[in-house]
Each structure stands twice: as C-alpha cells, then as structure tokens.
Amino acid sequence: MEEFVRQCFNPMIVELAEKAMKEYGEDRKIETNKFAAICTHLEVCFMYSDFHFINEQGESIIVELDDPNALLKHRFEIIEGRDRTMAWTVVNSICNTTGAEKPKFLPDLYDYKENRFIEIGVTRREVHIYYLEKANKIKSEKTHIHIFSFTGEEMATKADYTLDEESRARIKTRLFTIRQEMASRGLWDSFRQSERGEETIEERFEITGTMRRLADQSLPPNFSCLENFRAYVDGFEPNGYIEGKLSQMSKEVNAKIEPFLKTTPRPIKLPDGPPCSQRSKFLLMDALKLSIEDPSHEGEGIPLYDAIKCMRTFFGWKEPYVVKPHDKGINPNYLLSWKQLLAELQDIENEEKIPRTKNMKKTSQLKWALGENMAPEKVDFDDCRDISDLKQYDSDEPELRSLSSWIQNEFNKACELTDSIWIELDEIGEDVAPIEHIASMRRNYFTAEVSQCRATEYIMKGVYINTALLNASCAAMDDFQLIPMISKCRTKEGRRKTNLYGFIIKGRSHLRNDTDVVNFVSMEFSLTDPRLEPHKWEKYCVLEIGDMLLRSAIGQVSRPMFLYVRTNGTSKIKMKWGMEMRRCLLQSLQQIESMIEAESSVKEKDMTKEFFENKSETWPIGESPKGVEEGSIGKVCRTLLAKSVFNSLYASPQLEGFSAESRKLLLVVQALRDNLEPGTFDLGGLYEAIEECLINDPWVLLNASWFNSFLTHALR
C-alpha cells in the first residue's frame with residue numbers, strides 16, 4: 001500500500017501526510033491504510049479549492065492556472081495540511097477579520113464567498129452515516145459539511161454543494177480512479193474495511209520522558225508498552241467481556257447486556273394514593289409576616305422584644321376557633337395552646353421590664369402537644385437478655401401518596417422575586433486573593449439576581465429558626481421555651497424591616513446524640529384558607545384568629561387571618577444543617593459559574609459581564625410537560641437556588657435514594673443522546689431502586705415527575 005501511495009499521489013501530498021501522521025504519533029509503515037486515507041483527503045481538499053477565485057466585484061469565478069488573471073483572490077483558504085499551530089493561527093485570523101464563530105475542531109477549508117468554514121469528508125462507507133458522525137462530532141451549525149464517497153455519492157449540509165457540477169465531478173472521478181487502482185492491486189478490500197468511525201478526540205496527547213516511563217511501568221500485567229495497551233483499549237468491545245466476567249464470578253449472576261435505545265426507557269411510575277401533604281418545618285408560600293419598619297424600640301434585636309413589637313402592629317385579633325381540625329390530634333389542645341401563648345405575652349407586657357426569654361407554663365395542653373412523658377421508657381439491654389420473645393416493635397409501612405399540584409406551586413413561588421432584599425452583598429464569603437476579582441464580580445452579579453428571591457427569604461428564615469431552636473435546646477433543656485420566628489430584611493428603598501411569622505414552643509431537649517429528637521409546636525400566621533387544599537394541611541390544626549385589612553385595587557378589604565398549628569420535631573444534626581442553609585447560595589453560584597466557564601472557554605475570554613448583562617439571551621431552566629422551559633439568566637439563578645433550598649428544606653432518605661438512583665438512569669439517557677450507544681443490564685432493577693424511593697415525599701414526587709418530562713423530551 002505504501003508503494004501505491006507514493007506512485008499514485010503528488011509528492012507534496014505524500015510529504016504532508018507523513019508529517020501529519022508523525023505529529024499524531026502514528027507510523028505510516030504500520031498504518032498504511034490510514035496513510036492512504038490522509039493522502040486522499042488532502043487531495044480532495046486541494047481539488048476542492050483549485051481554480052476557484054473571487055474577482056474584484058466579489059463574484060466567484062473559475063480560472064485555469066495558466067491564465068494571466070490568476071492573481072485574483074483565492075476563494076478558499078486551505079487549513080488542512082498545515083501543522084496544528086499554524087492551522088489554528090489561520091483559523092483565529094479568519095475569525096478576527098470576518099467575525100466568523102470560532103470552530104471547536106480544526107476545519108479543512110474556509111469559503112470567502114459564503115463566509116463559512118467547510119469540513120470535507122471522504123468515506124468508504126455510506127455517505128449519510130459518515131455525515132451524521134461528522135455533524136455529531138462538530139456540533140456546530142456554522143461549519144458546512146461536504147462528504148464524498150468512492151462510489152460517486154455525495155452529501156452536504158442543507159444539500160448546498162458549494163461548487164459547480166463540473167468541479168465536483170472532477171473530484172468524484174479522481175476518487176473512483178483511486179478505488180479502481182487499489183482494486184487492481186488487491187488493496188481495496190483491506191482499505192474499505194479499515195475505516196473507523198469519526199473520532200471525537202481531536203488530538204492525541206504525546207507522552208514523553210519520565211511520564212512515559214511511569215506510564216509503561218503502571219500498565220496491567222501482560223502489556224509491554226503503552227501503545228499495546230492503547231491498541232487493546234481502542235479495539236475493546238466491552239459488552240461480551242463484561243458478561244463473561246460476571247458469569248465467572250457467580251453462577252447466579254446472569255447479566256445480559258441489552259442495547260439502550262430511544263424506545264427502551266419507560267416513565268418512572270409514581271405512586272397512587274391520597275395527595276401528599278406539606279412536611280416542611282415552617283410554612284413557605286403560605287406564611288404571613290407581621291412587620292415593623294426601621295425598628296428603634298428599646299431592646300431592638302432581642303427576639304422577644306421584636307416579637308411583641310410586631311404583635312402590637314396588628315389590631316384585628318378575635319376569639320380564635322378551629323376551622324380545619326387535625327384528624328389524629330386533640331384539637332382543643334391546639335386552641336388552648338394559642339390562647340395560653342396570647343395570655344402569657346400579655347402578662348409579659350404588664351411586667352415592668354420585659355425578660356429576654358420566656359418559658360411557657362407546663363400546662364396539660366402543651367405537655368400533650370410536646371409529647372411530654374409519651375416516649376416509651378428506656379430499659380437497659382442487659383436487663384432483657386433472658387426474655388425469649390424480645391423483638392423490635394412492628395412499625396407500619398408508610399402510606400403511599402400521590403403527587404399534588406401544591407408542591408409545584410410552592411417551587412414556582414420560591415423562584416419569584418419579593419419586594420424585599422434578604423441578603424447583603426457580602427453574604428457569600430469574602431475574597432481571599434487578588435486574583436479573585438472575577439470571582440467577586442460574579443458573586444456580586446449573582447447576589448443582585450437572587451437577593452430579592454423568595455428562596456433567599458426561606459434561607460434566612462431557616463437559618464434563624466434553626467439557630468434559635470438549637471440555642472434554646474442547649475440553654476434551656478427542661479423548659480418549654482417560647483421562640484419567636486423572626487427574619488430581617490431591607491425594603492427596596494433600603495429601610496430595615498423586622499418580620500414575625502409566628503412562634504415555636506420547644507419541648508424537653510436533652511439531646512445527647514446527633515439524632516436525638518426535640519419536639520416543638522409551631523404556630524404560624526397565614527392568610528391561606530386551609531379548606532381550599534385540605535390534603536396539603538393534613539398534619540396541621542388551623543385556627544381562625546383575626547381579620548386583617550388589606551389594601552387592594554378596590555380599596556381596603558378584610559381577610560380572615562389563620563394560625564397554622566402543628567407538632568413537629570427535629571434533631572441536632574438537622575438543626576446544624578438548617579443553620580448552614582446559606583450554603584445553598586454557594587452551591588447555586590457554583591452551578592452558574594460552571595455555565596459561565598463553559599461559555600468562556602468556547603469564546604476564549606471571560607464572559608461574566610456578557611452573561612449577566614445580555615438581557616435578551618434566554619437559557620434552559622428545566623423540563624415541563626410543555627418542553628424545555630427557558631428564561632433570563634436571573635430566572636436561571638433563582639431556579640437553581642430554589643432547587644438547592646428545597647433539597648435542604650425537604651431533605652430526606654427518599655430524596656437521597658431517588659437522587660442517587662435516578663442519576664444512573666440520567667447518565668445512560670445522556671449517553672444515548674450523545675450517540676455513545678450505551679448498554680445496560682438489569683434495567684428493571686434500576687427502575688425498582690428508583691421507584692422504591694417514591695413513597696410520600698412531595699419534593700421527591702415532583703422531581704420524579706420532572707424526570708419523566710425530561711425523558712419524554714430527551715428521547716424524541
């Protein structure tokens with residue numbers, strides 16, 4: 001074959017092909033078919049460009065080389081055949097002068113008439129298969145693809161063949177001649193069968209010196225050098241090999257690897273049952289705040305003082321009554337607990353000096369609500385050794401719940417903007433080194449996008465409640481301490497605001513281990529009528545406690561004010577994580593940064609400013625039954641933040657399991673989208689693992705529903 005190449009092709013082409021193979025560390029004497037393929041490709045590129053010029057009027061003309069007018073501008077810039085550094089220099093220069101988008105891979109030609117890069121393909125296989133491989137590798141609509149075959153077929157982007165019929169016929173004739181010459185020498189079959197699919201790695205990294213010796217030393221047994229190992233890996237067909245290995249390991253294991261196709265995956269099955277209910281530690285979209293602006297009262301900053309001041313802003317209190325009972329609870333006790341709280345707050349106000357903290361009287365209703373004396377008595381294991389039928393008590397299987405629309409509404413609300421600013425600019429850590437000015441610029445842009453987001457309010461509320469509850473749990477272990485649920489923010493005009501959402505009363509809290517539970521009763525204000533979505537409020541007893549005057553378009557309207565009361569519990573470890581909810585800001589900032597980095601590496605400059613300031617550009621936010629939802633960069637920031645915050649608010653073993661297992665399916669689907677031909681075994685087992693996490697948790701059910709939307713659109 002090498003001899004044929006030297007006879008058949010122009011010496012300049014042969015020399016360029018030798019250089020190219022040397023640059024990629026390939027041996028022309030061993031890889032003779034590749035040598036022939038490179039020469040053929042080079043010749044087609046040169047023939048494509050030959051005789052094509054642009055005249056002074058900017059029109060494309062064909063001129064034979066001995067014509068005196070041959071000083072005209074060449075229509076095509078040849079990039080193929082140059083060494084890599086030079087080729088990229090040419091590409092960059094073209095991009096700078098013409099404004100063309102820089103390609104990710106080195107193209108073969110640039111067409112000055114059509115102002116586009118061209119990728120030339122010469123294939124021994126079907127043209128459309130090779131075309132799709134090229135298109136999939138390049139992933140750019142800006143680069144024009146033109147494929148020729150040795151059988152006279154061709155294919156080009158949008159059937160735009162660039163050249164006139166005669167020029168293309170010359171190329172096809174030459175390819176047909178090469179094929180016939182090879183066939184007459186008995187070389188064609190080997191050459192035809194040796195074509196491999198389009199490689200997506202555009203350059204082979206050459207390892208030399210110490211690193212090369214280390215690589216040779218660290219090979220698996222039976223491999224003498226890195227090249228042999230590379231050849232083995234390149235030609236490795238994993239599926240049959242893995243099946244064989246598995247069957248050797250155990251007679252029970254029988255893993256038949258099945259191809260994963262567009263029709264393979266089915267939707268995740270969501271459970272049937274009554275609708276799921278709200279399980280967050282505090283109200284989210286339904287919360288109501290009693291607020292004071294520019295607080296300057298005595299003791300400002302002391303929670304109890306702030307709470308009393310906020311309570312005084314409301315004048316519509318009325319005799320409370322139960323509007324939505326808690327099915328399993330003693331509802332009069334919840335009502336009595338609220339009345340007790342009001343009475344004890346009144347007592348404080350009547351005192352000369354308001355105390356810094358308030359411990360509630362241990363009344364029967366609070367003892368019941370806080371589970372006092374309800375825990376089974378702990379017995380030392382040594383005292384039970386002799387009991388023959390000792391066993392752990394049976395616990396009921398959790399009841400399956402179905403997805404309900406309220407959790408999607410909660411998420412949508414969390415992504416929205418409020419009319420207050422919840423974090424200062426310095427909330428997300430400080431710069432450590434001067435090199436981080438880009439980091440601080442990104443952080444400031446990001447903070448500006450999320451500082452008014454409702455998810456950010458949830459962060460600050462969560463941090464406050466968990467900090468206060470953990471402090472009280474340690475400082476007043478035996479007391480039923482009253483903890484106001486407070487947050488602080490600024491108005492858009494910069495005025496400070498203190499907000500009261502309601503109160504928590506904590507139970508006994510002798511927390512030795514991280515997982516020991518402290519019970520608490522939460523009482524939270526709201527304007528949401530629980531009768532609209534009773535299933536959401538299954539765990540709550542809801543009282544009507546007053547009437548609030550609200551400004552509306554038609555003047556002042558009176559709306560009933562509700563109090564959502566429930567018994568809840570948390571642990572040291574949960575409170576510790578709750579106190580660190582600000583991490584959600586950091587996590588979503590890092591996700592945004594990776595988007596900016598990807599954009600910057602394509603454009604080869606920092607794109608932070610353009611990323612945040614180009615308001616016209618939209619970005620993918622997520623999947624919905626309608627398709628891929630898009631929005632502004634601010635919306636993307638807020639959506640990512642809301643996801644992170646909900647992962648914290650609704651943290652659970654179900655979420656951990658679903659995230660870990662569904663990720664495996666996601667990776668397989670993404671591999672399919674990238675045409676990597678993935679194979680799977682025991683896909684049914686993976687679905688089982690995913691679906692056993694779908695029990696009753698609203699956030700997990702919503703994520704599963706989103707995942708199904710993604711599957712639908714990803715596999716179209």
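Using the three backbone atoms N, Cα and C, a Cβ is placed for every residue, glycine included.
Quick look at what Swiss-Prot annotates:
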type	residues	note
BINDING	HIS41, ASP108, GLU119, ILE120	Mn(2+) 1 binding site
BINDING	GLU80, ASP108	Mn(2+) 2 binding site
MOTIF	124-139	motif 'Nuclear localization signal 1 (NLS1)'
MOTIF	184-247	motif 'Nuclear localization signal 2 (NLS2)'
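Through the fold, the motif 'Nuclear localization signal 1 (NLS1)' (124-139) approaches residues 103-105, 145, 147-150, 153-155, 191-192, 195, 197-200, 674-675 of its own chain, all at least 6 residues removed from its boundaries and within a Cβ separation under 8 Å. Within 10 Å of the C-beta of ASP108 (Mn(2+) 1 binding site) there are 24 other C-beta atoms, taking all protein chains into account. Of all Cβ atoms in the shown protein chains, 22 besides its own fall within 10 Å of the Cβ of ILE120 (Mn(2+) 1 binding site).
When pLDDT values are averaged over the motif 'Nuclear localization signal 1 (NLS1)' (124-139), the model yields 83. In the motif 'Nuclear localization signal 1 (NLS1)' (124-139), the DSSP tally of helix, strand and coil residues is 12 helix, 0 strand, 4 coil.
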